[in-house]
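Asker: My questions will all concern the structure given below.
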């Protein structure tokens, strides 16, 4: 029987929470990102494919929340299913993904401000200016200090952010419907295209041809990371089981919320194809919706969207500042990281995790000055790494299905995992390889945790750590030598990577000795 929690949240409210929580900054740049990769027909097919894959993930998460209530979070599923090392890889990846997403927010926020002061905050190649780096650094440290004071969950802030987010999007949908031209939308609907660009990367023209199956596959492949990025955080949809009035409501809300998000995203990504040509959309610049609404209704529309986006991003950035440290705190509680990471201040905030994360964020905020198209670089990094976490969720359900001999769980878990793995293979493996540099840092801390808790790494863990660390080192050389086209795929060169790696090594050594000292104070010897 489905017991009722009288103080719980009803179905409609659950759906609203899921939708408002999932819509972040990525949706504001969705239209032009997709236009650079796909024609309208390709976008439609891509949404069908991605929607089905995300549905399988949500169903997997929802089943685990209801049937494994003793487990908490994505990394805990990986640990329960495949051991401590895999649980650590998932949790550390979640940490990495969350702060990479924050950097993407920072870049997008400054491109919004650049709408009012063209050329001041963003360079033509998509990198941030020195002034922008200074501004986002101040904002980032300010948000970290706010979270350390325990204000990340203020209801008033969330309400303001929700209004600032939804009003411009509603205006955009209305304007998109009013200005929609069927002839513009249907032109080249099912055709393949080749973009002819100048030295600055601006599309001068598109050359059209009849689309083949391979062409359509290429368009879907090119849209994968952009579309999955706007669903990053969807795991929160399945974590509502203990807050729902009925447990069955959590499952229904997950499905209804996903459908609502798909409708919103499809409208926002397809309506512009009925107002501008694909070439014009691809060249609108960042953030896409700001420039498109400006073209639709005039300057007031662009200003409304830009202001709404800045407020929305600040709110999302504030919430996401806590996400990475929640991951490291949980790893500490599970004894997969040293207890140093779980230490709380008098406000209940994990101060050490916050400061370490902010130091690493600061390093990569500086990198945004050197990286062309910085927004997409960090979007891809964030999305690629979290897809590993999502794949492990599906694999855990698949494993449970085999153990319980439940066919539905076997099928759902397999599809959820296969979708994430295939999407990574076709679109993001280069970023996973690059992320191994940061995993190498994590493995050092994982070993320290083992020391603190009086255990040793197993032979399998030592071998896995060695292999993954070597691959991380090879990634550095791979970028320098442009192995397998890494520089083109990642959008960074060797010198830019050096800007990040050198201070990262310094921070790693500092943290290592601080944590080691903390462990030794407890009387734990080698």
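Glycine too: its Cβ is placed from the backbone N, Cα and C atoms.
I grabbed these lines from Swiss-Prot:
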type     : residues : note
TRANSMEM : 8-28     : transmembrane segment
TRANSMEM : 41-61    : transmembrane segment
TRANSMEM : 88-108   : transmembrane segment
TRANSMEM : 128-148  : transmembrane segment
TRANSMEM : 160-180  : transmembrane segment
TRANSMEM : 220-240  : transmembrane segment
TRANSMEM : 255-275  : transmembrane segment
TRANSMEM : 297-317  : transmembrane segment
TRANSMEM : 354-374  : transmembrane segment
TRANSMEM : 428-448  : transmembrane segment
TRANSMEM : 466-486  : transmembrane segment
TRANSMEM : 495-515  : transmembrane segment
Asker: With pairs closer than 6 in sequence left out, are the transmembrane segment (160-180) and the transmembrane segment (88-108) joined by 3 or more CB pairs under 8 Å?
Answerer: no
Asker: Which of 8-28, 41-61, 128-148, 160-180, 428-448 shares the most C-beta pairs under 8 angstroms with the transmembrane segment (354-374)?
Answerer: 128-148
Asker: Mind pulling out the one from 8-28, 41-61, 428-448, 466-486, 495-515 with the most Cβ pairs under 8 angstroms to the transmembrane segment (297-317)?
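Answerer: Most Cβ pairs under 8 Å with the transmembrane segment (297-317) come from 8-28.
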Asker: With CB pairs under 8 Å as the measure, which of the listed stretches 41-61, 160-180, 428-448, 466-486 comes out on top against the transmembrane segment (8-28)?
Answerer: 160-180
Asker: Compare 41-61, 160-180, 466-486 by their Cβ pairs under 8 Å to the transmembrane segment (495-515) and return the stretch that comes out on top.
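Answerer: Between the candidates 41-61, 160-180, 466-486, the best contact partner of the transmembrane segment (495-515) is 466-486.
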